[in-house]
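Here is what TrEMBL records for this protein:
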type: TRANSMEM; residues: 54-71; note: transmembrane segment
type: TRANSMEM; residues: 77-97; note: transmembrane segment
type: TRANSMEM; residues: 127-145; note: transmembrane segment
type: TRANSMEM; residues: 175-192; note: transmembrane segment
type: TRANSMEM; residues: 198-220; note: transmembrane segment
type: TRANSMEM; residues: 267-285; note: transmembrane segment
Amino acid sequence: MLPRAALPLPAARLAAAADRTVFARPEGFAVISSARIRDRYENYRQLMRWDKPIGTLLLLWPTLWALWLATGGRPHLPIVAIFCLGTFLMRSAGCVINDYADRDFDAHVARTSQRPFARGAVSQKEALFLAAFLALLSFLLVLPLNTLTKLLSVPALLVAASYPFTKRFFPMPQAYLGIAFSFGIPMGFAAETGAVPALAWLLLLANLFWVIAYDTAYAMADKPDDLKLGIKTSAITLGDYDVAGIMACHAVFLALMAGIGLHLALAWPYFLGLAAAAALMALQYRDIQHRDRAKCFKAFLDNNRVGAVVFAGLALSYLV
């Protein structure tokens, strides 16, 4: 008797079977299902914060300011592309290292309790390998650039990698983050001009105060949890003066940026951009003054618009 032909599976069962697909392999090799691959990808994507681009944008804006200022508004497009991609990769690596460093804390903080480490979805070895891979890609990006830029990439990586651990002992880790988030400035000047002039360091200082301002608002959202865990932040260090400290840092940032504009005799759109930034910062005061956690986090997010209007004003100032 001939064997009976197998009946075709319904479409719904075919789809379900596809979700459970297991690749054939020789004895001794791990079974990898398509569902497991999707889960791994989603965990890594969350670990690198690809679903939350705010950090990349806040890191990118000052880098773009530097590239435009270094070249009088005419940066080389390949260099701009390298720095844009490098910013994305380094921020991704920084997020992985941050979650690795905070793996014992995140499960106890409401905002971070669903991160991959907090859920036990990734291992320490996976995170370290992923961070190293992203850092390597970032370094490969700067290889076509000049020697000074490559040399500056080394301390940039070290500062970015060590920042998450400063929250254990340094009362103002946001200041350290400000250095990490400002390294694109001297690197941008170095890539375009082969030097890092005083203007670059002044811009770095201005950006440092801006980072302290917006990341203190971010820390205010986690303040109750951080106090319980013993984590150090500027929001805790400043105490009742946290709101005043944020607004003071914003004011210093605006003053330094205005000084840069006056020194370079930039056109009116630049100062219009600073005025728009000042208005946005004033609106942030409304959000942070009562220390509501959700509104403090909103104030942090709104700093993306601050960076955008400053860049728009700077770029337009070279076109009028």
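Glycine too: its Cβ is placed from the backbone N, Cα and C atoms.
Quick caveat, the model's predicted, so the values are computed rather than measured.
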Selected stretch (most C-beta pairs under 8 A with the transmembrane segment (198-220)) from 54-71, 77-97, 127-145, 175-192: 175-192
Folded-back contacts onto the transmembrane segment (127-145), same chain, C-beta under 8 angstroms, at least six residues removed: 44, 47-48, 78-79, 82, 85-86, 89-90, 92-93, 96-97, 99-100, 117, 153, 157, 161, 187, 190-191
